[in-house]
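K.L.:
Below are the structure tokens for one structure; questions will follow.
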Amino acid sequence: MTRHWPWEVSLRMENEHVCGGALIDPSWVVTAAHCIQGTKEYSVVLGTSKLQPMNFSRALWVPVRDIIMHPKYWGRAFIMGDVALVHLQTPVTFSEYVQPICLPEPNFNLKVGTQCWVTGWSQVKQRFSANSMLTPELQEAEVFIMDNKRCDRHYKKSFFPPVVPLVLGDMICATNYGENLCYGDSGGPLACEVEGRWILAGVLSWEKACVKAQNPGVYTRITKYTKWIKKQMSNGAFSGPCASACLLFLCWLLQPQMGS
């Protein structure tokens, strides 16, 4: 049985899934900046594990009011500041199926080897290709936090001369040596349970990680942007508690009833 991740968001462009995201507040979603393409019409779907809900009795469809890109975002060629805030047209109501994930404090630090989870609608495979198809049901993969220097060395072998830094301080790596999420899940959450709370450690940034199964996932490190995120929100405060481990367990038990 698949767990239920109540903060998971499908970011839609003209009603087509383009990226994942994480709900952090009734009115706000965090995703990757590189997911955003100009002034297209965006919306989000949440409260369901299905990519194409048959009805919206529990699933929510919400138009997007505004999207705020981080000013340091450089673009796909050399990704820095790969984080964006999605402001929803109307606040969502929390339920068993819709809950926010906690933002980490700026000084929060995850130890190497910490167990975390990544989620999204791409195929979980040992071998990836650019033609990987989206799956109708939300997928999950267990991953472990990886040392940034080791992660950087891994990618330098494949892409750049050794003197060029790739994995920067605003990034965080996680791996499970072959099982990872791939195309279609940029912006999706790297979620870690710490002392009974679920923390948004990162959002998926590098799709080049899909090229080889052994490549670690590279995520935008949310601690580097917590202050910026809170500043963009109207009062910097959250309207409800973020998801606890106890609540997630309850959601997991209720998951078979979702069906929408």
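Here the Cβ of each residue, glycine as well, is placed from N, Cα and C on the backbone.
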K.L.:
Where Swiss-Prot annotates a disulfide for Cys192, which of Cys116, Cys246, Cys251 is the other cysteine?
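P.N.:
According to the record, the bonded cysteine is Cys116.
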K.L.:
For each of the disulfide-bonded residues (Cys35, Cys116, Cys173), count the other CB atoms lying within 10 A of its CB, then report the residue with the highest count.
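P.N.:
That would be Cys173, with the highest Cβ count within 10 Å.
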K.L.:
Could you give the Cα-Cα distance between Cys192 (disulfide bond) and Asp82 (active site, charge relay system), in whole Å?
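P.N.:
Just about 20 Å between their Cα atoms.
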K.L.:
Using a 10 Å cut-off between Cα atoms, which of these recorded positions sit near Cys35 (disulfide bond): Asp82, Cys116, Cys151, Ser186?
P.N.:
Asp82, Ser186
K.L.:
In Å, rounded, how far does the Cα of Cys116 (disulfide bond) sit from the Cα of Cys19 (disulfide bond)?
P.N.:
20
K.L.:
Please tell me which one of the recorded positions listed here (Cys19, His34, Asp82, Cys151, Cys173) sits closest to Ser186 (active site, charge relay system), measuring Cα to Cα?
P.N.:
Cys19
